[in-house]
Amino acid sequence: VVIFLGTVAHKTSPQRPDRLLIRLRHLVDNVEQLKIYVNDLDPELLPAPQDVKEHCAHSAFACFQKAKLKPANTGSNKTIISDLVTQLRRRLPATKAEKKQQSLVKCPSCDSYEKKTPKEFLE
């Protein structure tokens, strides 16, 4: 602890990046990579959350993660697609605000979202 002009400053690491923000950036990169292989995905329709209210963003993202993005029988790309989908399914770090809101807010179920093709789903 350093005392400077009557104020107490804790000696900690510099502002560490927000874990949630880093994770979201990583997920956006994964989605961009999946778009390259969209023609190699199983054409099953998927629930695609759109126009999600801020307080339901975590719930909508959970629906996105639960979607059955599956590689079609495409040989070598199958492994790449499977790895990207696995990375998409990793849990997001929770925030304190989310923990409070989860008990207060009712958000739409995954089944209530319009179903779209994998290409539209990844947009």
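Using the three backbone atoms N, Cα and C, a Cβ is placed for every residue, glycine included.
Listed in Swiss-Prot as the disulfide partner of CYS110, from the options CYS56, CYS63, is CYS63. DSSP assigns ASN77 (N-linked glycosylation site) to a helical segment in the three-state reduction.
Cα of ASN77 (N-linked glycosylation site) to Cα of CYS63 (disulfide bond): a span of 24 Å. Cβ neighbour count for ASN77 (N-linked glycosylation site) (all protein chains, 10 Å cutoff from its Cβ): 15.
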